[in-house]
Amino acid sequence: MNVYDAQRMADLLAPEGYADTAQVEDADLVVLNTCHIRERAAEKIFSELGKLRALKAARAKAGRDTRIIVAGCVAQAEGGEIFRRQKAVDIVVGPQSYHRLPELLRRAETERGLVETDFPAEDKFDFLVAPTPQQIRKRGVSAFVTVQEGCDKFCSFCVVPYTRGAESSRPVGDILAEVAVLAAAGVREVTLLGQNVNAYHGADGAGGSASLAELCARIAEAPGIARVRYTTSHPGDMTADLIAAHRDQASLMPFLHLPVQSGSDRILAAMNRKHKSADYVDLVAEIRQARSDIALSSDFIVGFPGESEQDFEATLDLIERIGFASAFSFKYSPRPGTPGADLKDQVEESVKSARLSRLQALLERQRQAFNRGMVGRTVDVLFEKPGRHAGQIAGKSPYLQAVQVDGETDRIGEILPVQIVAAGANSLFGRLTPGHAARGAPI
Ligand code: SAH
Ligand code: SF4
């Protein structure tokens with residue numbers, strides 16, 4: 001979602017005369033779009049700001065102004081405190097108020113220390129600016145669209161409900177309008193974003209509300225859109241109609257990121273997750289019944305306060321039972337203001353590290369096995385960009401695996417069948433099936 005927000009900020013600033021630069025030394029304006037989910041992410045901002053302060057001073061000597069903005073969830077959580085730690089910052093703006101950036105930049109001509117971290121009454125989406133077709137093409141054929149934001153679940157480890165605010169869904173019509181602009185510029189795949197995306201219930205324009213499954217079906221009707229994905233889902237909101245959509249909607253890709261966090265019921269209860277390990281197993285069985293080839297992914301936290309060796313083993317057991325195609329895993333990071341941070345029995349860092357290594361080794365084995373299982377199969381690949389070497393192009397399988405083939409860059413944007421011949425550490429390698437290898441070539 002931070003990638004999406006950063007793109008929308010760039011869209012908003014383009015009419016103000018700003019354009020992207022690849023060299024930070026050339027930037028008149030630097031926006032750090034920040035993440036507060038774990039301590040390390042938040043701390044990185046301050047080391048980055050130290051470097052930017054030196055850059056700002058060097059540019060000032062050459063008579064050039066530099067504005068530094070801290071946006072995103074660190075901005076939301078720390079507010080004016082950021083100026084205390086780093087005076088070179090000009091503006092602090094939270095994730096729900098970045099539509100005010102043009103106005104803030106104008107005010108910054110005369111005012112110092114501007115902070116905008118209210119959850120405003122107006123909806124930022126009503127004030128954003130559509131990207132130009134050139135900008136969309138530069139970003140590629142696969143695009144993100146935020147459809148839902150915020151969260152009311154209050155898992156005891158998580159800052160999201162405090163930084164992104166209460167859960168809200170964008171109206172269907174607004175989303176379809178945004179997708180139409182993307183599709184007209186060549187986008188073929190849309191990934192719908194939300195902290196809790198399967199809780200989506202946007203106004204349908206007829207006095208009712210649409211579910212995520214209904215939204216996915218409407219989006220797939222946009223000319224040119226061939227693939228729809230969504231992330232991130234909560235197990236508690238995996239409704240029957242969404243599961244059925246994985247069976248019935250061909251454009252809905254067979255990949256599901258469904259974080260479980262832990263396999264121990266005791267820890268899940270302490271995390272306020274409101275699902276048990278067995279609920280997750282049952283849910284996955286139901287999803288696989290609807291779409292047997294679905295690739296599953298999850299997030300895991302190790303070392304939540306009070307996690308015993310036995311609790312950790314329960315997580316490993318759950319992973320063995322499910323079999324994941326990919327996953328993200330983290331050491332628990334106490335976040336200020338969340339209930340988890342005040343719990344006694346915080347787990348020692350060395351124990352967290354050892355558990356994370358074991359967990360990641362298991363997940364990596366499963367990922368490699370999943371990828372090796374593709375060898376010999378033919379899958380549809382959406383080509384997105386030039387490959388690693390000249391004469392190659394790269395794209396994604398339906399299961400979100402990176403795939404490289406020999407091919408011309410004018411195939412970017414096409415979805416073509418690829419026979420997988422090998423599985424590398426991070427990519428699959430394949431060849432275009434004979435009928436597609438070269439335009440006009442005899443089959
Ligand atoms: N809404 C999603 C996840 C949002 S945050 C869900 O409900 O699962 C993304 C991931 O960051 C989480 O799934 C969790 O695994 C991780 N995370 C969140 N807070 C964390 C913390 N305090 N320490 C370590 N990992 C955390
Ligand atoms: Fe955070 Fe996800 Fe839990 Fe919401 S559901 S509090 S975003 S982990």
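Each Cβ is built from the backbone N, Cα and C atoms, and glycine gets one as well.
What TrEMBL says about a protein is an automatic prediction, not a curated fact.
The annotation [4Fe-4S] cluster binding site is assigned in TrEMBL to Cys151, Cys155, Cys158. TrEMBL lists 1-110 with the feature domain 'MTTase N-terminal'. Annotation source TrEMBL lists domain 'Radical SAM core' at 137-372. The domain 'TRAM' annotation in TrEMBL covers 372-434.
Compute the center of the Cβ atoms of Cys151, Cys155, Cys158, which mark the site for [4Fe-4S] cluster; besides them, the chain residues with Cβ within 8 Å of that center are Lys153, Phe154, Phe157, Val159, Val160, Pro161, Gln195. When other Cβ atoms within 10 Å of the Cβ of Cys158 ([4Fe-4S] cluster binding site) are tallied across all protein chains shown, the result is 21. For the domain 'Radical SAM core' (137-372), the model's average pLDDT works out to 97. In sequence order, Gln261, Met271, Asn272, Arg273 are the residues of the chain that are 6 or more apart from Cys155 ([4Fe-4S] cluster binding site) and have a CB within less than 8 Å of its CB.
The domain 'MTTase N-terminal' (1-110): residue composition by secondary structure is 62 helix, 15 strand, 33 coil, according to DSSP.
Residue counts for the domain 'TRAM' (372-434) under DSSP, helix first, then strand, then coil, are 5 helix, 33 strand, 25 coil. Residues within less than 8 Å, Cβ to Cβ, of Cys151 ([4Fe-4S] cluster binding site) and separated from it by at least 6 positions along the same chain comprise Cys158, Val160, Pro161, Arg164, Ala166, Glu167, Gln195, Asn196. In the three-state DSSP scheme, Cys151 ([4Fe-4S] cluster binding site) is classed as coil. A coil conformation is recorded for Cys158 ([4Fe-4S] cluster binding site) in the three-state DSSP classification, outside any helix or strand.
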